[in-house]
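See below for the structure under consideration.
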Amino acid sequence: MNTSMQTYLVTQEDRSAGRSTTEIVEAAIDGGIDIVQLREKETTARRRYEIGQTVRTQTAQAGVTFLVNDRVDLAAAVNADGVHLGDDDLPVTAAREVLGQDAIIGRSVSTPAAAQRAEDIGADYLGVGAVYPTGTKDVTAESAEIGPKTVTAITDAVSIPVIGIGGITPSNTTEVIRAGADGVAVVSAITTADDPAAATRKLQGSVDTASVESQLPSEEPSA
């Protein structure tokens, strides 16, 4: 999969400080976001479809990857680039049959074993978390605050890209990237920011810096 996944926005209009999802997406695109995932679980299917049509146009014009959370049917209806699936959604294999071989299909996981299973059945990337405490996503006891060490264990177990999610901000992005993640996914860090475009640029800068630092050789302890 030849898609940049360093910065990944998950939309949530009810956490966007009174602004529309399309406004947030436009600002994030201006700030250089790599991926936009349409979530909007609090809206009706019709409303989500309408938002999805607009976001598809926005992302297509900007060359930004567009995914839909959970709903394979909606992803197909708005011609999204793919879908992100959780434990209660369609299996990766079923989603692939509907969306085709070129679709990008992500899978949420919180353990190395689940990560390996997802890779084995054809997931293109993994959303790993919640890395830190979060109020924007319902998580099970197993997946609550898994921490950077589990991110490392998962990245060591698979060969597909790993995206950290859950409680991530520019201030802790370095820790997540150093743990082995290829990128970070956020909601509030962008959607609640006074300037979502600037927040996106700040997040990208944090990822870029952390990526460079993670490739530097470790300093040997002094004798």
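Using the three backbone atoms N, Cα and C, a Cβ is placed for every residue, glycine included.
In Swiss-Prot, the annotation region 'Disordered' applies to 197-223, one of the ranges 8-34, 197-223. Counting only same-chain residues 6+ beyond the ends of the compositional bias 'Polar residues' (206-217), those with a CB under 8 A from a CB of the stretch are 6-7, 170-171, 173-174, 176-178, 183-184. Rounded to a whole number, the distance between the Cα atoms of ASP89 (Mg(2+) binding site) and ASN69 (4-amino-2-methyl-5-(diphosphooxymethyl)pyrimidine binding site) is 10 Å. Taking the Cα atom of each, ASP89 (Mg(2+) binding site) and LEU38 (4-amino-2-methyl-5-(diphosphooxymethyl)pyrimidine binding site) are about 15 angstrom apart. Its Cβ placed at the centre, GLU40 (4-amino-2-methyl-5-(diphosphooxymethyl)pyrimidine binding site) has 23 other Cβ atoms within 10 Å. In this view, ARG39 (4-amino-2-methyl-5-(diphosphooxymethyl)pyrimidine binding site) is surrounded by 24 other Cβ atoms within 10 Å of its Cβ, with every protein chain counted.
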